[in-house]
Amino acid sequence: MVNVSCVCGKAAPVPRRCSNKAWTCGKICSRTLPCKIHTCAHTCHAGECEPCPRVSVQKCVCGRKKAERQCASPVWHCDQVCGRPLPCGNHTCERVCHTGVCGECPRAENRACPCGKSKCALPCTADVPTCGDTCDKKLDCGLHTCSMRCHRGACETCRQEVEKQCRCGRYTRRMPCHKEYLCESKCTQMRSCNRHQCKRKCCPGNCPPCDLSCGRTLGCRNHKCPSVCHQGSCYPCPEVVQVKCACGSSSLSVPCGRERNTKPPRCREICRNPPSCHHPSREQHRCHFGVCPVCKQVCQLPLPGCTHLCQAPCHDQVLLKAINRVQLAGPWEQQTAPAFEFKALPCPPCQVPIPTACLGEHEVSPVLCHVRGPFSCGRACGRTLTCGNHSCSLECHAVTFDPKREKTEAGKECEKCEEGCSKPRPPGCPHPCALPCHRGDCPPCTQMIRQRCHCKMSNLYIECLELTSADDEGRKLLTSCKNQCPKQENCNQKVKVKCPCKRIKKEFSCSYARQEENLVVCDDTCKDLQRKYAEAREAEERAIREEELKKQQAELEAFEKRQKGKRKKNRRNTEVETQEGAWLKYRKYLLVPVCGVLLAVGAFYLLQAS
């Protein structure tokens, strides 16, 4: 922790972590800006202040005009000519808004005529006359000269323009004489081969003959036409191909392209292919195409490491499935068909059993000839490791004999104990022992524990041994960050509190409002409004229930009437139905005032709440 001030340097230093020393106080910077008029209005910040964003009235460099401009760019030039008298006393300065002295009169020295052919010394009040000769200045085109007499001002542009026609004769354009006019249209006429277009820009019509090679595949499908690109079909392939047997003793002459459909001649010679295995000769068979049959002779090669001979069939050329190591780019690619290739396999191991003792001297068992010698019996080693707590769990292996140790102790070939320490930790320590499995007691724990301070604002790192061995008072001191308490004071801002029905609003301090409950209660007016709203709502619900009961009664009577069949009309029933019909007829006139009262009460309640 270090004591550092804020980035603007106004606030008092406060303790901060070394990795996070930069902090802002939140106050206005107030440093004077480069304009020397205003101050920085930004909050506490690091580095230089930004340019002044304000606008002020500033004078130009000649001091004649004033304008509102950004304070960050005070230097500016107006558009007025200086106009101050020059030292000659006859002319004024023609420069636009400048600083310093105006200088000498530019007309006081020797001056040339406008065309530059003659020079003369005249007072600054007199203009240099024209010489009367031809101007002869180069025009902008760079080829012609000005034909006018010596004149003031710039020469006119070159007027020598001609009407030019492009090479193909399609377009004309009036343009300077030094330019060649070539249009951008490409010739679409076919060349002499009638296969390729001319494609030359602005072609006059004399298209050159096609100089490309024909290159079309002939009917034999083996050669291409070597002639220059031409019309019509190509000539047949003139080549002749020999179709031979596998050994080349018999052959047939056929035109090129027929060899695919011509069957090779039958040969009666013996196959002359050399053997592909270690045998001096193959089994006799006739001439043939493709790979010779697999050799089925006995191998008879001496086995390595013993005096026995291999009795297996010849295995120098065995057909095996090739391993495809090509990675597919994605699921859209198809897996290629498996390929097969011939490979030479080694002789199989010798299977003669030989009595042999195991490496750990646990047993003696018959072992095959190709693995004779010390072997592992598969049991665990079982020797005691250097930690004194575990035994070697490796499979039976050889151990160098050492007369200084017992046979039950592990040697350098045995495994090293990689188990963690399993001894109990001191009370209160949550960390495991950092040492591997060892003899004796564990060393004291030196790991650091991250602990929140009392104010929950900082993380403290305390050594585990120091924290677990301290008493209650010591722990309180260790878990204190020793900084100022960050708890806030009671808030005195005013807040509005409403009653439960939200009609009455009162203001209280924020801290008092958070501590107390039911600060504002409903008065009699609120209760009357709530009661009226409840009565109107109850009346509406009662009217709806009565209407529903009448509908159900009418449906029940209609159902009973259908069940009883036609009977004589009863005057009493008619009167009842008439009375019920009158209620149904005038009920809407009764419901309208009730709904109006409910709406009025609801609107009044909403207005009071807002």
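Each Cβ is built from the backbone N, Cα and C atoms, and glycine gets one as well.
Heads up, TrEMBL stuff is auto-annotated, nobody curated it.
The coiled coil annotation in TrEMBL covers 526-569.
Helix first, then strand, then coil: DSSP counts for the domain 'NF-X1-type' (35-54) stand at 0 helix, 2 strand, 18 coil. The feature domain 'NF-X1-type' is assigned by TrEMBL to 35-54 (among others).
Beyond its flanks by at least six residues, the domain 'NF-X1-type' (88-107) meets 60-62, 64, 77-82, 124-125 of its own chain at Cβ-Cβ distances under 8 Å. Per TrEMBL, domain 'NF-X1-type' is recorded for 88-107 (among others).
If you look up TrEMBL, you'll see 141-160 (among others) marked as domain 'NF-X1-type'. With a threshold of 8 Å between CB atoms, the same-chain residues lying at least 6 positions outside the domain 'NF-X1-type' (141-160) that come near it are 113-115, 117, 130-135, 176-178.
Here the domain 'NF-X1-type' (168-189) has Cβ contacts under 8 Å with residues 141-143, 158, 160-162, 197-205, 207 of the same chain, all six or more residues outside its ends. The domain 'NF-X1-type' annotation in TrEMBL covers 168-189 (among others).
According to TrEMBL, the feature domain 'NF-X1-type' maps to 193-212 (among others). Counting residues 6+ beyond its ends, the domain 'NF-X1-type' (193-212) has Cβ neighbours under 8 Å at 166-169, 182-187, 228-231 in the same chain.
Among the features that TrEMBL reports, domain 'NF-X1-type' is placed at 220-239 (among others). The predicted model assigns the domain 'NF-X1-type' (220-239) a mean pLDDT of 86.
Residues or ranges marked as domain 'NF-X1-type' by TrEMBL: 277-297 (among others).
Among the features that TrEMBL reports, domain 'NF-X1-type' is placed at 387-419 (among others).
The domain 'NF-X1-type' annotation in TrEMBL covers 429-447 (among others).
Under the heading transmembrane segment, TrEMBL lists 589-607.
Residue counts for the domain 'NF-X1-type' (88-107) by DSSP state, with H, G and I taken as helix and E and B as strand, are 0 helix, 2 strand, 18 coil.
Across the domain 'NF-X1-type' (387-419), the DSSP tally of helix, strand and coil residues reads 0 helix, 3 strand, 30 coil. Secondary structure of the domain 'NF-X1-type' (429-447) per DSSP, as helix, strand and coil residue counts: 0 helix, 1 strand, 18 coil.
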